[in-house]
Amino acid sequence: MATADPNFIHLSSPQKENGVSESPGQLDAGALFVLKSRGSWLHSGYHLTTSIVGPVIFSFPFALSLLGWAPGLLITTLQALITFYSYNLLSVILDHHAQLGKRQLRFRDMARDILGPRWGKYFVGPLQIAICYGAVIGCILLGGQSLKFIYLLYNPSGKMQLYQFITIFGTVPLFLAQIPSFHSLRHINLASLLLVLAYSACIVAGSIHIGNSRNAPNKDYSIKGSKENSILGAINGISIIATTYGCGIIPEIQATIAPPVKGKMFKGLCVCFGVIVSTYFSVAISGYWAFGNQSQPSILSNFMDENRPLLPSWFLLLTNIFTLMQLVTITVIYLQPTNEVFEKWFANPKMDQFSARNVMPRLILRSLSVIIGTTLAAMFPFFGDIMALFGAFGVIPLDFILPMVLYNLTFKPSRQSIVFWANTLIAVASSALVAMGALASVRQIILDAKTYNLFANV
């Protein structure tokens with residue numbers, strides 16, 4: 001007698017064509033409670049934008065300073081096209097399986113069904129959780145640093161330490177982590193989209209203002225350093241640009257869309273990439289134009305000259321407030337994979353989502369997740385360097401290698417077809433980028449190692 005696989009939505013024959021699912025009793029608690037399929041394509045656009053676009057765009061002028069105008073803009077454009085293509089491939093694969101009556105809701109479900117159970121359980125699942133939880137820690141750290149920036153802006157001789165600001169910031173996602181489902185974040189993620197547009201506009205306006213001011217820095221667009229350092233810097237710049245487009249939760253976002261799902265994710269991607277094009281390129285071009293090869297890893301650092309602001313304090317305050325608020329939303333969205341695992345392991349799908357039996361473990365585990373993430377961010381304020389290494393080994397394989405492999409295995413395109421060789425080329429080039437990104441990240445860790453101290457006030 002066949003048994004129902006609890007990790008997928010199974011569709012009866014008359015329902016396959018329009019994607020209507022059977023009883024939700026076949027789903028585990030993680031899928032049933034966290035990955036509710038009630039959203040529209042527009043909601044998926046909000047989720048995608050929050051998961052991809054964030055304050056990491058502040059590093060774009062720095063990446064261009066390592067590459068130069070033509071190579072930098074070319075790689076930024078090429079990576080945008082590859083990313084859109086890759087994420088659309090994942091969506092097409094998910095649509096295909098949904099039409100066959102087996103809707104996959106998680107990245108590890110895709111890997112298990114297409115590559116085999118061990119790939120989902122021992123590689124893709126753990127890798128995705130590590131990357132997403134690392135993003136949570138990184139966002140909390142950035143939030144603390146942003147709070148400290150505001151503090152020093154108005155109190156330059158202040159004595160508060162970075163770990164105190166990290167702790168303060170961590171209290172906000174501690175409460176928002178209790179929002180029950182991914183779909184419930186749709187309005188918050190719409191606000192996140194608007195915040196991205198707001199602080200990107202601030203960065204562009206600030207860069208243009210400084211670039212045209214009397215105190216404008218000399219606009220030198222040459223590549224600094226020796227030939228060896230220039231090559232390593234270029235590798236680092238490519239890695240920065242590639243990981244800036246990373247997501248890691250495409251299947252989980254598509255899982256929030258109400259059936260039938262076919263074609264809806266493509267519309268959501270169009271919304272997201274509309275925001276990407278309008279923010280990534282404007283911040284990169286304006287920042288690099290204003291500061292040239294003096295661009296710092298965060299453009300906000302260029303807005304200060306030896307602790308003296310080059311822009312009005314209220315303008316810097318507003319930019320940082322927009323950034324802080326959006327960091328909260330990114331933190332919460334990247335908590336969803338761990339939330340889903342907690343629900344799967346500890347919740348009872350046969351009981352109501354808001355019963356005491358399910359609410360108590362949810363409250364305890366989600367709170368512990370944020371508290372541990374906040375503690376790690378405070379302990380390791382150099383976590384950004386470590387995350388760059390994780391990004392090379394995690395983000396690139398999940399987002400730019402695995403989709404190509406899964407598509408070729410699912411649809412088996414002819415070896416003479418353009419699609420087969422395009423996917424193979426992207427997978428091979430991305431694999432080389434993993435190695436180069438890892439090399440650049442390890443080099444940066446070695447260079448920064450002397451500043452590594454627990455609870456350092458950096």
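Glycine is treated like the rest: Cβ placed from N, Cα and C.
What TrEMBL annotates here:
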| type | residues | note |
| --- | --- | --- |
| DOMAIN | 38-438 | domain 'Amino acid transporter transmembrane' |
| TRANSMEM | 46-67 | transmembrane segment |
| TRANSMEM | 73-98 | transmembrane segment |
| TRANSMEM | 119-143 | transmembrane segment |
| TRANSMEM | 163-183 | transmembrane segment |
| TRANSMEM | 190-211 | transmembrane segment |
| TRANSMEM | 231-253 | transmembrane segment |
| TRANSMEM | 265-291 | transmembrane segment |
| TRANSMEM | 311-335 | transmembrane segment |
| TRANSMEM | 363-380 | transmembrane segment |
| TRANSMEM | 386-406 | transmembrane segment |
| TRANSMEM | 418-440 | transmembrane segment |
* Structure fact -> Listed stretches 46-67, 73-98, 190-211, 386-406 vs the transmembrane segment (265-291), most Cβ pairs under 8 Å: range 46-67
* Cβ contacts under 8 Å made by the transmembrane segment (363-380) with residues that lie 6+ beyond its boundaries -> 133, 136-138, 140-141, 144, 162-163, 166-167, 169-170, 173-174, 177-178, 335, 338-339, 342, 346, 386, 454-455
* To do: Examine the transmembrane segment (163-183) against the transmembrane segment (386-406) and state whether at least 3 Cβ pairs sit under 8 A, considering only residue pairs 6 or more apart.
  => no
* To do: Name the range, of those listed as 46-67, 73-98, 231-253, 418-440, that has the largest tally of Cβ pairs under 8 Å with the transmembrane segment (311-335).
  => 46-67
* To do: Grab the same-chain neighbours of the transmembrane segment (73-98) for me: Cβ-Cβ under 8 Å, and only residues 6 or more beyond its ends, written as numbers and ranges.
  => 9, 11, 19, 48, 60, 63-64, 67, 104, 110, 113-114, 237-238, 241-242, 245, 247, 250-251, 254, 259-263, 265-266, 269, 273, 276-277, 280-281, 284-285, 399-400, 403-404, 406-407, 410-411, 423, 426
* Go through the chain and flag residues at least 6 beyond the ends of the transmembrane segment (386-406) whose CB is under 8 A from any CB in it; none is fine as an answer. => 82-83, 86-87, 89-90, 93, 107, 110-111, 114-115, 124, 127-128, 130-131, 134-135, 137-138, 239, 242-243, 245-248, 250, 380, 423-424, 426-427, 430-431, 433-434, 437-438, 440-442, 444-445
